[in-house]
Amino acid sequence: MKDKSIKVLEFNKIQEILKNYTCTKAAKDIIEDLKPYDSMYEVREHLEETKEAFKLLITKGAPPFEGVYDIRSGISLAEKGSALLPGQLLKIAAVLRCARRFKEYINHKEEEESYRVLENICEGIFSLPKIEEEIFNAIEGEDEIADRASSTLYNIRRSLKEKNYSVRDKINSLVRSYSSYLQENIYTVRGDRYVLPVKAEHKGAVPGLVHDQSSTGATLFIEPMSLVNLNNEIKELMLKEKAEIERILTVLSAKINANITGVKTDANIVWELDFIFAKAKFASEYNCTCPTINDEGIVDIIEGRHPLIDRREVVPISVKLGEEFTSLMITGPNTGGKTVTLKTVGLIHLMAMSGLMIPARENSVISYFNNVFADIGDEQSIEQSLSTFSSHMKNIVEIMDKADENSLVLFDELGAGTDPTEGAALAISILENLRKRGTKIIATTHYSELKAYALRKEGVENASVEFDVETLRPTYRLLIGIPGKSNAFEISKRLGLPDYIIDFARENISNENIRFEELIQNLQEKSIKAQEDARLAENLKLERDKEKKKYEEKLEGLQKVRDNALIDARREAKNIIKEAKEEADKILKDIRQLERMGYSSDARRKLEEERKKLKDKLDSIEEKEIKTVHKGEALKNVKEGDEVLLASINQKVIVLSKPDNKGDVLVQAGIMKITANIKDLRAAKGSNSNNSSSKIKKSKKLNLNLRRVESSVDLRGMDAEEAIYTVDKYLDEAYLGGLGEVTIVHGKGTGVLRKTIMDMLKGHSHVKKYRLGEYGEGGTGVTVVELK
């Protein structure tokens with residue numbers, strides 16, 4: 001495919017729009033390299049993946065792309081064996097989670113529609129939940145490791161917390177002792193060591209090590225000698241903490257390295273899915289459909305719209321090519337939409353051949369072409385000193401060298417820019433040469449000679465863009481089969497040019513040309529009328545199909561009601577039979593036990609007789625239960641407002657009309673109005689379901705949730721709505737499980753999720769109080785909740 005044609009048809013602008021629907025830089029890079037595929041098989045497969053993603057968006061909503069990142073730099077470092085930063089590990093885990101969730105998102109029940117192409121793509125996902133879980137368990141945020149990352153880290157931080165408490169107690173005591181020598185009665189920290197702000201003139205009064213001074217020199221920050229050992233211990237613990245964190249990051253990075261193939265594969269699949277769903281989102285936004293693809297040169301675009309024109313203003317066009325004719329000559333006034341038609345056809349083909357759904361109606365047909373050539377617009381080059389004609393001819397020469405039967409060629413104003421007679425002759429020669437090769441052609445022109453060429457040459461068809469002489473405006477509608485009529489005289493007259501000048505001009509045109517223009521006008525009027533009639537017929541057909549579908553759905557609903565009623569009756573009868581038989585068998589078992597103990601067998605024989613009678617009676621219950629649907633007092637007449645039983649569905653209905661001469665009446669069953677015959681109506685005596693159900697005692701069983709409840713819940717990656725639901729459910733379980741204190745992990749981020757959770761906790765019935773985590777607990781990335 002020629003890059004020049006892709007540029008002229010503005011496919012690059014479609015790529016830029018597509019990028020707006022992606023989540024990752026990697027998917028944007030895929031779109032940047034997007035071009036028409038090299039085979040019809042590839043085109044069909046990529047269109048199918050777009051179509052499947054489009055259906056998933058409709059049926060299942062947004063795909064699970066929350067928190068997906070471009071992790072190529074992190075993968076590269078892990079591949080080299082480097083230790084990754086906490087943020088890099090978190091992003092890798094997020095991508096792994098997305099891949100795993102996508103397999104769940106795309107899964108479908110046996111009776112549901114499958115998604116062949118997307119399922120094949122997702123089959124390649126490794127799913128590494130263990131690594132994903134370890135990373136999320138160990139890392140709280142971009143720069144914070146969780147206490148639970150290792151027992152060693154937990155112990156270090158616990159010791160660190162205890163030492164900090166000790167040193168704070170000690171230094172608070174020193175503040176009180178040295179208060180007269182201090183600038184303020186506080187302590188502070190310099191270089192991870194606790195110090196006192198001592199007035200410079202009293203430095204000798206506080207023995208210790210000077211760590212810093214204020215900008216004015218009036219204050220010295222002195223570490224009292226009695227704190228040196230405690231501060232040293234804190235410093236040692238902090239160094240141990242740092243070393244343990246580095247060890248944890250190294251271990252996690254090594255696990256990524258050991259599974260680098262799976263990580264890379266999952267990441268690449270996620271980015272590919274990001275690209276595919278960007279295509280689907282574009283299709284949804286621009287009301288696109290999936291065309292039928294062929295390699296026979298057949299084109300049938302139904303109400304195609306140029307995607308770069310404002311959707312409120314664009315006028316749909318319908319274009320056919322390749323069956324009855326292989327060349328289409330479009331004529332009409334300037335700014336009438338001829339060039340837009342060419343660009344629409346060309347761009348729609350590039351989109352379809354790149355796996356994109358197209359902005360056209362259902363059942364549109366696109367042909368796979370090896371090449372799409374476009375000579376459109378004035379590309380005159382000042383640097384090359386080329387005229388408009390020369391510039392176009394340079395393009396045409398290149399097209400003539402490469403075009404074949406598998407090419408689509410788009411010419412704008414072919415032969416323009418030179419003497420009209422020579423230009424028209426040259427244009428006809430070029431078109432005829434390409435036509436004989438089997439090339440599919442759409443060309444715009446002003447030349448009458450090309451209109452005549454299309455009329456007399458088999459396989460070539462005229463078309464025109466409609467022009468409203470009354471308003472002096474183009475309608476932008478394309479009329480196939482009708483050459484464009486010159487409107488110069490009509491336009492000039494409406495703009496005020498004197499009649500005598502127009503009449504004199506008419507006298508200088510041959511009678512043959514006048515008759516030709518009149519014939520064109522007559523054909524154009526008839527074509528417009530025929531198209532209007534066709535549109536009206538299509539609308540009537542759509543309306544009829546809509547009504548038919550509505551009544552078919554009503555009929556199906558009634559059938560379901562009837563079937564469900566019969567099923568319920570059978571189920572109820574079976575339950576009665578089952579319970580009665582079980583009771584009888586239990587009594588017989590007891591009698592046999594009595595016999596073994598020496599009691600008379602008379603009771604057993606009598607009970608056997610009763611049991612047989614009961615069995616005979618119960619065996620007919622199911623049939624009787626179902627037959628009751630059709631029994632009841634027959635009705636000879638009904639009136640409006642009567643409540644009766646509709647036997648066919650065993651449901652009470654309200655009579656809405658008197659019987660007609662056929663005995664049909666209109667009745668209301670629930671929210672539906674249906675027609676029934678009076679023979680199918682019975683006198684309503686009350687609900688059978690209530691009576692039967694009252695005879696059956698149903699046992700209830702209390703299910704206790706005895707599973708272990710975790711002491712924390714992780715909300716990272718969730719949106720606000722999902723997080724609120726998860727926390728509410730978790731607090732119920734924790735409360736019932738007898739937990740006194742729990743931790744909610746929401747991460748630091750922008751703080752929106754944290755605020756949402758805190759707002760929810762304020763009025764929660766199980767919450768006694770809550771606070772943000774302290775150092776070592778997760779800081780502002782967690783909320784600690786005390787339960788009632």
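From the backbone N, Cα and C atoms, a Cβ is placed for every residue, glycine too.
Keep in mind that this is a model prediction, so the values were computed, not measured.
A coil conformation is recorded for G332 (ATP binding site) in the three-state DSSP classification, outside any helix or strand. Residues or ranges marked as ATP binding site by Swiss-Prot on the basis of sequence analysis: G332, P333, N334, T335, G336, G337, K338, T339.
Per DSSP, the secondary structure of the domain 'Smr' (713-788) breaks down as 31 helix, 19 strand, 26 coil. Feature annotation from Swiss-Prot assigns domain 'Smr' to 713-788; the stated evidence is sequence analysis.
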Counting every protein chain present, what is the number of Cβ atoms, excluding its own, within 10 Å of the Cβ of K338 (ATP binding site)?
-> 27
Other C-beta atoms within 10 angstroms of the C-beta of G336 (ATP binding site) total 24
Including all protein chains displayed, how many Cβ atoms other than that of G332 (ATP binding site) lie within 10 Å of its Cβ?
-> 26
